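Reviewing the structure listed below.
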Amino acid sequence: MIFVFSGPSDKQQTLWSQLISSRYSLWRRHCPKLFFDYLETLGLLSHPVNGHDIATILQSKTGFSCFPIEGFEPPHNYLALLANKNFPIVTQLRDMKDDQFAHAPDMLHDLVGHVPWLLHPAFTYFFSHMGRIFQKAVTRARDLFTKEKRQQVLKSNLVALIRCFWFTVESGLIENQGKRQAYGAVLLGSPQELTHAFSKRVLVFPWCLDHIIHRPFDSQTLQTTLFTLSHFDQLIEITIEIEARLDHGELESIDADYDALYFPELEVLCS
């Protein structure tokens, strides 16, 4: 189903243009050319932004539908939407006072930080298959573990998936022809975060799944450690590897000391 996204309201259209303008020069400095190609394809740099056209193009090129949500979506709900190729887009748009650093996803984060990348086959694969991997994790927990053990195992599985998301499509960097560039939505949506990511205050390491799945993060602060891909098809490799680890029982003892916000309904899923 295509979500007929009406786009920002008249008031939001002006705000949208201001938000795009305030970070555009940073994007030019730090983002791959491919990002701008995708923005142009979807008309995201146009004024006014046409939500219906965006949804139609996305559906025709990727099979993904735009799916409206009001705010933060718990990871298990988010992953369930992705498994069915429904991409969640928050309908709220930040104010200019939150221009530099937004503490929660909004329309800018989703529509500019994530949706353009869905036009790349590796991202389409990553998002949809990570959703399906979580569905497999739920079935596996029910089939293999006692009721008392299921929630702990599924929570551990989910933390591993969340961290893979965070250090790739949320805060990821890529080495592109000898130049380090940004593609993660958190970086693209936050001028402060994007500037900080290329400063000497951030440690950058090559992607390593062993490190990522055991590394906590705080989405409410500037990041001190980021990870870089060597090419975007590595996202497919990551997806295949994380699924293999799930199948082999290697994601069952991940430190899951997360706020309960992330796991409000796992008990229901495990029943």
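Including glycine, each Cβ sits where the backbone N, Cα and C put it.
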Given that TrEMBL assigns His109, His114 to the Fe cation site, pick the one from Glu70, Glu170, Glu175 that the record assigns to that site as well.
Glu170
Identify all same-chain residues not among His109, His114, Glu170 whose C-beta atom falls within 8 angstroms of the centroid of the Fe cation site's C-beta atoms; report them in sequence order.
Pro105, Asp110, Gly113, Val169, Gly184, Ala185, Val186, Leu188, Gly189
